[in-house]
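*Asks:* The following feature annotations were taken from Swiss-Prot:
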type     : residues                                                        : note
ACT_SITE : 242                                                             : active site
ACT_SITE : 271                                                             : active site
ACT_SITE : 290                                                             : active site, proton donor
BINDING  : 159, 160, 161, 162, 181, 182, 183, 240, 241, 242, 290, 291, 292 : NADP(+) binding site
């Protein structure tokens, strides 16, 4: 029996490829940049399975032109780059890698919070680029003043796995925790003393606003001009969720006009971020290249989970992290 063919859209950990090779003929796109759409389309036409990343556009046009394709295994929690509804209609399974990046993303969120609150990147540049040397100030009582976190209010927008872990760390810093989410989290309220707020009140009260929402039609540009104007002038906005949750133009205006004090961003509406983008001009903005999950431990777990989803499918089993559960009614798993 001919083995199914999987196209892996980027170099991943060899352990994952080794596992895949036991069940699939594996082809890997070995360039650092993602495959161009036309290349991806060409590969999909010949593939039984795709191993994808958020940077790959898996739209209905591509799915419709891939007659052999049975499963798309995404190495990410999010899957807004995939037309899941179309995939389900065509009997194509879609999987993701939930849960494994909670710790890494929460830790990185706190790295951003601390960097923005204590002006760490500014301080590094101040020393590295010679400004401290030129000023000959030594220690100065008014130099690089930031803000303490103890006693401040941490607002969590999206109290899922990551948001709740960020809140837990915030509690250890002695912060007051408030949150807005689709549903009340009674257990977290009890454990952390967290208080539920409407979105408007969350924005008004937060000293640090940390965003942990998936991107949907409802959350796209959820934070725009009117929302940013509700925030404190001393507030810091942190986004490790999805870039398009925040209207970038509105955020630039808010920073330029002083509606908020600072921002720390790991995700953007357009990635990679153009080095000439207005956001890069602000000293009070910390920028990172969508790196919140970038620890060796987490990325290996993600790579293996995506591979394990593909292996389960090849064995005729429903993959453990199936996104579109209703697809089972359209087609049974396996090749």
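Here the Cβ of each residue, glycine as well, is placed from N, Cα and C on the backbone.
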*Asks:* With the NADP(+) site defined by the record as 159, 160, 161, 162, 181, 182, 183, 240, 241, 242, 290, 291, 292, how many Å span the farthest pair of C-alpha atoms?
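*Replies:* In whole numbers, the farthest two Cα atoms are 28 Å apart.
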*Asks:* How many other Cβ atoms are found within 10 Å of the Cβ atom of residue 271 (active site), counting all protein chains shown?
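*Replies:* Total other Cβ atoms inside 10 Å, all chains included: 11.
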*Asks:* Reported as an integer number of Å, what is the Cα distance between residue 181 (NADP(+) binding site) and the residue listed as 'active site, proton donor'?
*Replies:* 23
*Asks:* So for residue 181 (NADP(+) binding site), how many other CB atoms are inside 10 Å of its CB?
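*Replies:* Other Cβ atoms found within 10 Å: 21.
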*Asks:* Here's one to test understanding: among the recorded positions 159, 161, 183, 290, 292, whose C-alpha is closest in space to the C-alpha of residue 242 (active site)?
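*Replies:* Of all the candidates listed, 290 is nearest in space.
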*Asks:* Starting from the Cβ of residue 290 (active site, proton donor), draw a 10 Å sphere and report how many other Cβ atoms land inside it.
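*Replies:* A count of 18.
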*Asks:* Would you mind reading off the Cα separation of residue 159 (NADP(+) binding site) from residue 290 (active site, proton donor), to the nearest angstrom?
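*Replies:* One finds 20 Å between the Cα atoms of these residues.
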*Asks:* If you draw a 10 Å sphere around the Cβ of residue 241 (NADP(+) binding site), how many other Cβ atoms fall inside it, taking every protein chain shown into account?
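*Replies:* Neighbour count, Cβ to Cβ under the 10 Å cut-off: 27.
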*Asks:* Could you tell me the C-alpha distance between residue 290 (active site, proton donor) and residue 271 (active site) in angstrom, no decimals?
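*Replies:* Each residue's Cα considered, residue 290 (active site, proton donor) and residue 271 (active site) end up 8 Å apart.
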